[in-house]
Amino acid sequence: MVYQKQEPKKKKAIKPYHRIKAHANPASDYNFYYPTGPESYDWTKNYPQQAMNEKKVEIADVGCGYGGLLISLSSLFPERLSVGMELRDKVVQYVEERIDKLREKHVGQFQNISVIRTNAMKYLPNYFEKGQLQKIFFLFPDPHFKKATHKRRIISPTLLSEYAYILAPGAYAYFISDVEELYLWMFEHFKNHPLFEQVERDIAENDSCIPLIVNSTEEGRKVNRIDGKKWFAVFRRITDPSKKDLTFKNYTLTSPKEIDSTTTTTTSTATITEVESK
């Protein structure tokens, strides 16, 4: 009997949606490094070419997924450092490889973005100082449909207070979902928190980040393919709750179809729906 020698199989690169869970349980204990405080984390390993600039991260994509928004932010804000924070190990590995390949292909570019594996629901203040961030994103987070798991949602009164701590006065928080119930949950929590107020409609409509949160992520494009609907909003970090305009008429931005990523306005393709204050 003759045995044929089998060639070793080549290691396949990690691809989006390939045998990777859509979400991870933030309540589970994961064995990974996290800093004891912002001063103890070495950011130079994430941004090697920015080491001498002494810049600080100003933009965070919480639950960054496969890095679609992160890569778009690199071009939109070339002078700012952006970081993606993700819990799933294989997804973080994929984003790291994706950024490395972009840096190799486009010399000198994409040096202002990076990704970290961490549990943002537990350790976000361990990475950022008070008032450090100018923008924070929560794009298509895990809905945690069961009532018993609502405590695992990325938006809650307690977590919003932590986000407010690391956001600078006037900084923006963006969130979007293709699940209306989850969107309304996030909206109500932001609206009712004393340190956040909704951004004025005309400002939100012309925000250059809006087309990105709607269409730059893999999850957003997946919703487009099935002609799904998205609900999103922008809130501002405030410092004085007593000056919050209680007569402000809240609204919701919706996207029934794709927004042109080359434009900075959503009026032609997104519908503005009034949300009555409760």
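Just so you know, glycine gets a Cβ as well, placed from its N, Cα and C.
Residues or ranges marked as active site by Swiss-Prot on the basis of sequence analysis: ASP142. The S-adenosyl-L-methionine binding site annotation in Swiss-Prot covers GLY63, GLU86, LEU87, ASN119, ALA120, LEU139, THR217, GLU218, GLU219. Sequence annotations record features per position, and here Swiss-Prot assigns compositional bias 'Low complexity' to 261-278. Annotated region 'Disordered' per Swiss-Prot: 259-278, in sequence order.
Location within the structure of each feature annotated in Swiss-Prot.
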{"residue": "GLY63", "record": "S-adenosyl-L-methionine binding site", "CB count, 10 Å": "23"}
{"residue": "LEU87", "record": "S-adenosyl-L-methionine binding site", "CB count, 10 Å": "22"}
{"residue": "ALA120", "record": "S-adenosyl-L-methionine binding site", "CB count, 10 Å": "24"}
{"residue": "ASP142", "record": "active site", "CB count, 10 Å": "19"}
{"residue": "THR217", "record": "S-adenosyl-L-methionine binding site", "CB count, 10 Å": "24"}
{"residue": "GLU219", "record": "S-adenosyl-L-methionine binding site", "CB count, 10 Å": "23"}
Rounded Cα-Cα span from GLU219 (S-adenosyl-L-methionine binding site) to ASP142 (active site), Å: 11
